[in-house]
Amino acid sequence: MHRKTLAELAAGLERREFSSVELTQAHLARIERLDPALNSFITTTPEIALAQARAADERLAKGEAGPLTGIPIAQKDIFCTKGVRTSCGSRMLDSFVSPYDACVVERFNAAGAVMLGKLNMDEFAMGSSNETSYYGPVKNPWNTATVPGGSSGGSAAAVAARLVPGATGTDTGGSIRQPAAFCGITGLKPTYGRVSRWGMIAFASSLDQAGPMARTAEDCAIMLQIMAGFDERDSTCVDRPVPDYRAALGNDLDGLRIGLPKEFFGEGLDPAIAGLIHAAVDEYRRLGAIVREISLPNMHLSVPAYYVVAPAECSSNLARFDGVRFGHRCENPTDLADLYTRSRGEGFGAEVKRRILIGTYALSAGYYDAYYLKAQKIRRLISEDFRRAFEEVDVIMGPTAPSVAFEFGAKSADPIAMYLSDIYTIAVNLAGLPGMSIPVGFSNGLPVGMQIIGGYFSEDRLLNVAHRYQQATDWHTRTPAGIAD
C-alpha cells in the first residue's frame, strides 16, 4: 500500500479495497521498521492514529467520505497538537504538551485524516539541513550520509521513504521547497496568508507559511484544499475564496509564458543542476509553453535582507520562552535574571542563539535604520522585481537549490555557506509569493528539484503546471534503494 500515492489510496478506500485501519497499521509498521535509520519522526501516535482510522472506516461505511478520510498523514512538529508533545525540535519545548490544536491540525482532523505522529525538524525551523534538531539529524533516504534539507527535513524524508503519503511543512525561507528538492518529492509554499498560522509556533511572522509535502502535485492539491482558507484567529490570514485545486489540474499549457531569471543561473550553481533544469524547461516547450529570459535585478540582496528581517522577528517571537510560563526551566535559579539566562541558555541550541543575537542587534538603538529598515526597503524592491516580471510571464522557473544534498557536517561550521543553500528560495518568502519544488532528475544519485514561482494566489496554476510535467515524466515516481520493498 505504501507504493500508492495519496490520491490512489483515497480511491482504494472509497472502493473498499482495504480499510483505513489496515492502511494505518501498514504505515505504522513501516515507520517502526525503517525510521530508526532515518529519524524522521520525533513522536509517533499509534493509539490516536488507530482511533482516527476506526472513526474514518465508520464514515466510509456510511458514504460520508471526503478526499482525505482515512488517509494517514504526519504533522511537522511545529504545529500544536492537543494532548501530544509539540517540541519544535528544541530542548526548550521538550516537555510541552499543547492544550489545543493548530488550525491546520483542526482542518485535517475535520477532514477525517489519520495522524501518524510529529515529524523532526530544525530547531524552531531555523536551519537548512535538519542538523540543528535537539532530537538528532534526519537522514536522507537517498543517501543516509547526506542531509534531507531543512527545516522540514523530517517531513521530506518521511514522504520520500514512503513512511507516509503526505506531510505538512512550513516555509520561512525555503523550508518546504529545499528539503523537497533534496529528497525528490513535491512541496508547495502557498501565498503568504493563504493558510492560517494559528497554532503554528512562530519563527518569523511576516515570512512563515504552512504548506503540503507529498509525492505528486495532485496529492499536494488535495492537501492544500484542506489547509487553505480564512481563519479569523490569524490576523494575517486572507479572506479569499479557495478554488478547487484538483479541478485545475486538467488545464493544458499551450501559450504558458515561462520566465527564466538570468540571476538563477550564475556563479554558484552546480552545472549538472543547470542542465537538468534546462531539460525540464525543454519538456515544457514540448507541452506548448513559451520560454523567455527575464531579470530579477535585486535577487543578490535577498539573502542579506532575509538574515536581518527573519532574525529580528525571531528575536521578538522567541522572547516568550523564558522558563516561567512554559518551556524548559533551569534548576535552582538564584534570582529572576538567573532564571532567564540559564533557562534560555540551556533550552536553545547554537543556531537559534545565533539568530536571536543577530536579530536583537539589528533592532537595537542606533542600528535599526542601518539594518532592519534598510532590509525592509530591499524587501520592497524584490517584491517590485517580481511584480514587473509577472507582467511579462505567467510562471518563473529555476533551480530550487544550488547543489544536491550535501554530507552531514559539510556546512555546519560555516553559517554563510549554509544560508546560501536557500539562495533561490528566500526571495519568494520576502515577496510573499507561492512557490513549489518538483523533482526533475538526479545528479550523483541524488534528486534535483526545480522551483516554480507564481503570482499571488496562483497555487492552482502552479499545481497544474507541476502536474502536467509529472504526467509527462516519471521522476516523481522514483524510490530510494531499500525503501520500495
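In case you wondered, yes, glycine gets a Cβ from its N, Cα and C as well.
Taken from Swiss-Prot, the feature active site, charge relay system covers LYS76 (among others). Around LYS76 (active site, charge relay system), a 10 Å sphere centred on its CB holds 31 further CB atoms from the protein chains shown. Mapped onto three states, the DSSP output places LYS76 (active site, charge relay system) in strand.
According to its DSSP assignment, SER151 (active site, charge relay system) is coil. The active site, charge relay system annotation in Swiss-Prot covers SER151 (among others) and is backed by sequence analysis.
Taken from Swiss-Prot, the feature active site, acyl-ester intermediate covers SER175, and the record attributes it to sequence analysis. Neighbour list (SER175 (active site, acyl-ester intermediate), Cβ cut-off 8 Å, at least 6 residues apart, same chain): ASP122, ALA125, SER128, GLY150, SER151, SER152, GLY169.
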Local Cβ density at SER151 (active site, charge relay system) - other Cβ atoms counted within 10 Å: 34
